[in-house]
Structures are given as structure tokens and as C-alpha cells.
Amino acid sequence: MGMDMSPKQIVSELDKYIIGQHKAKKSVAIALRNRYRRMQLDEKMRDEIVPKNILMIGPTGVGKTEIARRLAKLVGAPFVKVEATKFTEVGYVGRDVESMVRDLVEMAIRMVKEEKMKDVQDKAKELANQRLVKLIVPVAKKKQHTKNPFEMLFAGQQSSDEETDETAEKEQEIETKRNRIAHQLALGELEDTIVTIEVEENSSSMFDMLQGSGMEQQMGMNMQDAFSQLMPKKKKKRKLPVSEARKVLTQQEADKLVDMDEVIQIALNKVEQSGMIFIDEIDKVAGKSDQQANVSREGVQRDILPIIEGSTIVTKYGAVKTDHILFIAAGAFHMAKPSDLIPELQGRFPIRVELEKLSVDDFKKILVEPSNALLKQYQALLKTEGIEVVFTDEAITRLAEVAYEVNQETDNIGARRLHTILEKLLEDLSYEASDVMMPTIEITAGYVNEKLSSIAGNKDLSQYIL
Ligand SMILES: Nc1ncnc2c1ncn2[C@@H]1O[C@H](COP(=O)(O)OP(=O)(O)OP(=O)(O)O)[C@@H](O)[C@H]1O
């Protein structure tokens, strides 16, 4: 799995998670393949080729984000989602659109670091175990016997020899103890032994207070980082059982083993070569600039444009060129049309795909087919209580129908409706699950009707509950 997947392979991978929307899947697969093709070219040619960005048009909750996110995951590309409307908000001084690139860098660093941490996991665990041994059998405190020059003069050869013998003996003793403990640790015999370790405390409460006050954006920087640099990390002693302490120590050791400079270099490169930014609600910043509000919307488009055209963004980790980041913009375009976007922006999104509205049949499939299908999730959750939940085919049809109807009658929130409906359907069961003695529970169409029909049939009610 990786960047070298063929478009067909990509589509078939996406099929595992997303129902229908074949055209959209195909477009993103081609866009991705083109980036791979571009990477095979020599540098001169490579820089000539402008990546084509995608505009996804379709109502809410039909899989736009999901397709993009899955695609990124499939090839291990860093991915972030932003709402274009966020940049029109009051208080968003200076409309810091560049923050989307900085967020992408943060995301990439987290990804690469996680990978590297995994690589050093075995080594880190070994070191953690060594530290545990030392915590359980500490070195006996030596009498602080520092010799002053006088003592040095008068101290006989013999006594000093004795001293060495004595410490050597002690050392030997400790060594033996430690070997025994190491052995026991390896056998898992000391998991409940309590040890005291030092952990770093996050001093972020102050930061939390300031966040959201708008100050962050105004200062155009990441306050959390600024703070953590200003304030020394507090160290705190904690008593933990070996099983827990090992996790903390392994993490600490892994942290030390990972070369952050290398991580940053790889991450920056990943962002430039394979980063993806999903800009949602792009239609909400489209519109002709004949009204006051539209001025700021067009402003946002103008702010975003250079990033999409390719510019260099300064981040605290270094400069990032955005030329080859893949942008996927999305919107319902109920009111505005893509042609209401400023022409320069339209030109940067030449690939247009429409996503289809989801039918009752799609809903049925979404409930059961994807690898992480909703019904599978609920079944797995209730299984932890020892309950096997079975949905009859009619029940699934009924669920899909109810979701569809409620979408028609109230807001159409697409497949998200399935989440709210299922939650309501299984509310009582979830509540009682831990006390229920039945090993198998069958959810029938009748059960669905009983739990949902009265609500679904009542528009006022369903607006609030479903
Ligand atoms: N075609 C689909 N197949 C499987 N699941 C879907 C599909 N469409 C939507 N979903 C599920 O519905 C939820 C919302 O979908 P998604 O986030 O992709 O919406 P969206 O189209 O991007 O809408 P918005 O622009 O409002 O975010 C997700 O949990 C997703 O898994």
C-alpha cells in the first residue's frame, strides 16, 4: 500500500469504506496517481507540472470528507480539514489562512514521530526495563566521603585498598540482585510492584484559558508552543505499578531515541510532496461582491489563493512550499455556483465531481457493508457485555427508510442521520445491556417501528430527537 497504487486499486480500497460515489473516488484516485507520476520525472519537468486540485460538489453527509480522508490514510499522506467559513469569522483577525499549512505540518510531524516511535519501541522497552531494575534495586547510598587534601596525604595505601574492596563487594551484591530482578521482570512476576518515577506535567492550563480569546490568532503564532518554551516543564514524582510505569518509561525512552531534527525534515518533505488539505464549505465564501458580507467572503478567497497557487509558508519548523499540496475543496453549492468563485480560484480547481444523494438502498449498505460499518460498531460494543445483537434484514431496511424520511422532512444531513437514528434505537438496550441476561437479541422491523416510528412520524419531535 502506498503512493504507487494504481487508480483502480485505490478505488477498490476506497470501496471498502465508502458506498457508491464512484465518480468521486475515480477522480481522487487519478489525482493521486498523477502526483505519483510526477514524482517519477526529473526535477525540472516535475516543477513544471502543476497539480490539479479537486472540487467536490454535493450535499452534506454523502461522503466527501470521508473519501478524502480515506485516500490520505491509504497512502500515508498528511491530511487536514478546514472550513473556509472559519476565515470569515469575527475575531479571525488577519484571517490567518496560512494556519491550514501550519496545521498540516503539525499533523505530519505527529505522523512521522509516531512511526519513528514505533521503530524504536523494542529498544525503548528494553531501556525502560533496565530503568525499572534500577528503580527496584537502587544503588546503596554511599557515605559522602569526599577526601580533602589533608586526608589524601595521610590516608594510607592500605585503607584505600580496603575501601575499594568494600565497594566492589557492594557493587557485586547489587549486580546480583539486579540480575535476579531483571529476570523476574522478564517473567512478568513484578507487574504489581510499586515504583516511584518522575513524570512531566503539562503546564497547559494557563494556555487553555487564553485559547479562544482570539489572542492566538491576533499574535499569529501558536501560543501553546510559546508557553511551553517559556515555562519549564514541571516534573512530578508518581507512584505506579511496574505495568504502568513501564509504559511511561518506554514512552520517555522512545522520546529520547527519536531524532526530532530528522522527524521534522521528513515531515516537511511529506507535506510538500504528498500533503492534502480539505477545504470544506467553499461555497459559503463564494458569491458576487455586491454586498458587504460578500466583500469579506471574496477576501477569504483572495487570501487562500496564493497558498493554492503555490507559495512559501513560514512555520516554526521551517519554510514549506505549497506548490504540490493537493487541495480538495468541497461544498453543497445550493445557493452559489462554482462559477461564483473568483476566476483565479476556479482555475485552480479544474477537476469537478458531483457526489450523488444517498438513497434508501445506499443507507442500507452504509449500515452493514463498510469495514467499520455502524451496525458492526454497535454489535462490537454490546458484545463486550456478552450480548449478541442481530439485525434482521427487514429491520435494516426499516432503519434506512426512517433515516431517509427524517432527512426529507427535516434537515437533510445525509448518512449522519444514521448515527442519530441508531443511537436512539439502541438507547434502551445500551442502558440495560449490563444487566441483561439474554445472550442474543434480535432487532426486528417491529422493534425499529416501536422505538422510532412515533418520533419519525412527528416532525416537531424528530427535529429535536433524531
Ligand atoms: N457514501 C458513504 N458511504 C459510507 N459512509 C458514508 C457515506 N457518506 C457519508 N458517510 C458517513 O457519514 C458521515 C459524514 O460523512 P462525510 O464527513 O464524508 O460528509 P461530507 O459529505 O464531507 O459532508 P460535510 O461537507 O458536511 O462534512 C461519516 O461518518 C461517513 O462515514
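Including glycine, each Cβ sits where the backbone N, Cα and C put it.
Between the candidates ILE10, ILE19, ILE109, ILE455, TrEMBL assigns the ATP site shared with GLY61, VAL62, GLY63, LYS64, THR65, GLU66, ASP280, GLU344, ARG416 to ILE19. Contacts of VAL62 (ATP binding site) defined by a Cβ separation under 8 A and a same-chain sequence distance of 6+ are given as GLN21, LEU355, GLU356, LYS357, LEU358, GLY414, ALA415, in order along the sequence. Sequence-distant neighbours of ILE19 (ATP binding site): residues of the same chain at least 6 apart with a C-beta under 8 Å from its C-beta are GLY63, LEU358, ASP362, LYS365, ILE366, GLU369, PRO370. Residue environment of LYS64 (ATP binding site) contains 27 other Cβ atoms, counted within 10 Å of its Cβ in all protein chains. Least packed by the Cβ count within 10 Å, out of the binding-site residues GLU66, GLU344, is GLU344.
Mean model confidence for the domain 'Clp ATPase C-terminal' (358-452) is a pLDDT of 88.
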